[in-house]
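Okay, structure first, notes after.
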Amino acid sequence: MTSTATVTVPPRITAENVATLFPEVDTSLAREVFPSTVEGSAKDSEELAGYDEEQVRLMDEVCIVLDDDDKPIGSASKKACHLMTNIDRGLLHRAFSVFLFDSNNRLLLQQRASEKITFPDMWTNTCCSHPLGIPGETGAELDAAVLGVKRAAQRKLDQELGIKAEQVPLEKFEFFTRIHYKAPSDGKWGEHETVTDTQILVDYILFIQADVDLNVNPNEVRDTKYVSAQELKQMFTQPGLKFTPWFKLICNSMLFEWWSYLGTADLDKYKGEKEIRRM
C-alpha cells in the first residue's frame, strides 16, 4: 500500500492578503522605526529572552515587506520578518549585501559579533542588513529601490564598522544584481528573501571600492579582515571557520568571477541586472 505525503504550499503573498496572513504587517509602509516602548515590542518577546539588549532593540526596526515581484506592500518588524514560522509561510522582505574592496582589490570581511541573534560569530561580507520601511530607503521601481538600498548601506556601514558617509558616497556604490536565498539560522530565526513557491529574491548586491577608516562597533562585529580572492578560498577550506550561508552562496556562484575583473572595464557587463537570480 502506497502512502502519499501532502505538501502544504503557502499562499502567494499580495498587497490584498498580506495583512490578513500576517497581522503584524503594517500596510502603510513608510513609518519611523518602532520605539522599544510600544506594546508588543521585541523587548517583551519570550522568543528573545536572554539575548543581548541592544540586539533585541534592533529587532524592532521596520523591514520592507514585499510581494513576489519585489514590490513593497507593507512593513513589519525585523523580529517578525526573521521568525522562521513567518518565513516558512512566505513572509518576504528586502535585504542588501555590501562588498567593499580597498585600492589593492582586497575584500573587507567581518566576523559577526557573538551578540548577534542570527548567525553569530560567522564570517561574512563587509556588511549585510536591510533597508528600513522609512522615507528614503523604500522604493517600488528598481532604480528607486537601488537608491534606497544604497542609503541603507551607507547608514549600516557607519553603524557597524564606523565607516563615515564621506568615505563611501552613494555614487560610488555599484548595483550588480538581486538574489534569492533562504537561510535557516537556529530553527527559530532565519533569513528568507523569497517566498518558497516562486523563489523571488530581494537581496541586493552592492560593490564599492574605497580605502576607509574603521571604528568597529563590538556589539555588531567581532573581527575584520582584508583578503585577496585566494586568501578567501583558503579560509573556506579551514574547518574551524564558519561563514554565513548567503556569503558562501554568492562567492561560489558569482563573486570570484566578478572579483577577477575588478578595476577593469570588463566588470561593467555584470552591473545593473534587471532580472532576479533564483539560486
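Just so you know, glycine gets a Cβ as well, placed from its N, Cα and C.
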Per Swiss-Prot: substrate is bound by GLN111, LYS116, SER129, and from LYS78, LYS79 the site also lists LYS78
Rounded Cα distance, in Å, between GLN111 (substrate binding site) and CYS128 (active site) is 11
The rounded CA-CA distance in Å from CYS128 (active site) to LYS116 (substrate binding site) is 13
Averaging the pLDDT values of the domain 'Nudix hydrolase' (91-249) gives 88
Ranked by how many other Cβ atoms lie within 10 Å of their Cβ, the binding-site residues GLN111, SER129 are led by SER129
